[in-house]
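Input: a single structure, listed below in structure tokens.
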Amino acid sequence: MKELFIGNYGLEQVGQKVTAKGWVANIRNHGKLAFIELRDREGLLQVFVDSAVADFDKLHDLHKESILAVTGEIVARDERFVNPHIKSGQVELRAETIEIIASSKLLPFELDNHAHAGEDIRQKYRYLDLRREKMTANLKLRHQVTKAIRDYLNQADFIDVETPYLTKSTPEGARDFLVPSRVFKNQFYALPQSPQMLKQLLMGAGLERYYQIVRCFRDEDLRGDRQPEFTQVDLEMSFVSEEDVRNLVEGMLKAVVKASKGIELTEAFPIISYAQAMRRFGSDKPDTRFAMELKDLTELSRGNTSLFLQKGLKKENGVVMGICAKNAAKAFTNRQMATLKQLVMDFGVAGFATATIEKGQVTGSLKSTFKDHNTELLELFEAEDGDMIFFVTGSLKRVQEALGGLRVRLAKDLELIDNDKLNFLWVVDWPLLEWNEDLNRYQAMHHPFTQGAFEDGSDWKENPEKMMSRAYDIVLNGYEIGGGSLRIHKRSAQEAMFELLGMKKEDYERDFGFFLEALEYGFPPHGGLALGLDRLVMILAEEGNIREVIAFPKNGQGADAMLESPSLVADQQLAELRLALRD
């Protein structure tokens, strides 16, 4: 085993005779001498090789990524040749002997950080991709994050408990990954979407403080920050308030940032309600690294005969709202403006329009529409010459979501986002339920085990759409990185929740009977949170896709190009499971 990684060699090793083992990152052969950049996981070390060294001739045919063992003396570099960009840049290894431990074929793509390689080939040769400095750094960062989490929770008297991967398929979630049972005819296990009920049962078992860094599985459509299998930091506590959980998680995240980024976060995380988040930012996971808040023009627009305004106001909960982009009047071409309009209209709003500010006046297609309210508009948006105002009309929720999406797009296009910022935010006071028009019933905003603002199940049936939950989400830079709540801990309340979700008694007793019975054996009040580890590390690593912080991820279609998974299986395996394939 190495006593010191070669990337960590420095002046303190000068004069020592060492054997350095690593991969050839680069080789420059000048005929009678050669320079090799030898790499291990901690960095690079320059090796100087004279032609008098045995096996020097073998270097002519050596490919990058071959593995060498080089024995020699560590010497200080001449000041003129010091490399300040690597940790070992003040020294080099003068080779005395070279052993080729393993040769490499020609690479399918260059591993230099700046070299462009397609996603498919990177996934197929992931073991090569992970040799790149950036990818190694991402995995080391992930390790630092998980270590900081474990250290913090262990210090807070949490118990790390594993829960099973072969569980029961239940409704009220994304699609399950199913595992057919060979022993139990025509029956299936499901891979867990989360250990939700199991961690609650651990509270019923009296453990009081539980955590687990656990793999979860959801058969859902993929995007940049999602994978079919992902890792979450799962925790649960008994006898706690919402504030207790938030304080614990906030302290943990501050410890994570300090351990992984060296940044001391001293301010308390801001807290806003779900309603405030939607009203101000058009999103339940707002990015607060930039301003551009939504403004409501509904009252200002009432009585205005403009067809643009009236078309939106006639909608149910019709509103007129807008955002102001600073210095954006000349920032976009006609084609870009058409793209922005399509982005907004895809949310199902009634109308979209823009105006620019010139010489203190609103100009453009809405100039006459707001001619009597020019001063009010400028004050409301704090608009100045050169700014552009985007107006959207339609039903409240769709307008808010459209402007929320537009707000983020504009911030990226106008380069308003400070990528060095880490803006955490708590979103609280969520509605307990939301109406699903496709299913024609209520569904839980979080999950069906979330406690309402009061517990008596009989009260929930009066005005379910107005019922608030005791839930909270933690947001970082516009990403929801975690969510949790206080949980229902009485059977009557849990049954009432299932019924509000349109479940029949025989159905919820079949699917959740074991859990309902557990609630009758002295179940403590409890709450917790699940934190998306992949997404958190992605943000801390300043990556745009969680695949960059997972060692062996699936691609955008949910396949593993390296393992060639999923794949067909033998007929014999299917027969043992009593399964037959259909086209």
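Keep in mind that glycine also has a Cβ here, set from the backbone N, Cα and C atoms.
Its Cβ taken as reference, His446 (L-aspartate binding site) is surrounded by 18 other Cβ atoms within 10 Å in the chains shown. Swiss-Prot lists Glu172, Arg218, His446, Arg487 with the feature L-aspartate binding site, giving sequence analysis as the kind of evidence.
Classification of Glu220 (ATP binding site) by DSSP places it in coil, neither helical nor stranded. Counting every protein chain shown, 14 other Cβ atoms lie within 10 Å of the Cβ of Glu220 (ATP binding site). According to Swiss-Prot, the feature ATP binding site maps to Arg218, Asp219, Glu220, Gln227, Glu480, Gly532, Leu533, Asp534, Arg535.
Under 8 Å from some Cβ of the region 'Aspartate' (196-199) lie the Cβ atoms of residues 163-164, 167, 210, 212, 234-236, 447, 449, 512, 515, 528, all in the same chain and six or more residues away from its ends. What Swiss-Prot lists as region 'Aspartate' is 196-199, and the listing cites sequence analysis.
Within the same chain, no residue at least 6 positions away from His30 (site 'Important for tRNA non-discrimination') has a Cβ under 8 Å from its Cβ. Feature annotation from Swiss-Prot assigns site 'Important for tRNA non-discrimination' to His30.
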Nearest of the binding-site residues (Arg218, His446, Arg487) to Glu480 (ATP binding site), judged by Cα-Cα distance: His446
Length of the line joining the Cα atoms of Arg487 (L-aspartate binding site) and Leu533 (ATP binding site), in Å: 22
Euclidean distance between Cα atoms of His446 (L-aspartate binding site) and Leu533 (ATP binding site), Å: 19
The region 'Aspartate' (196-199) [mean pLDDT, rounded to integer]: 96
Between His446 (L-aspartate binding site) and Arg535 (ATP binding site): CA-CA distance (Å): 18
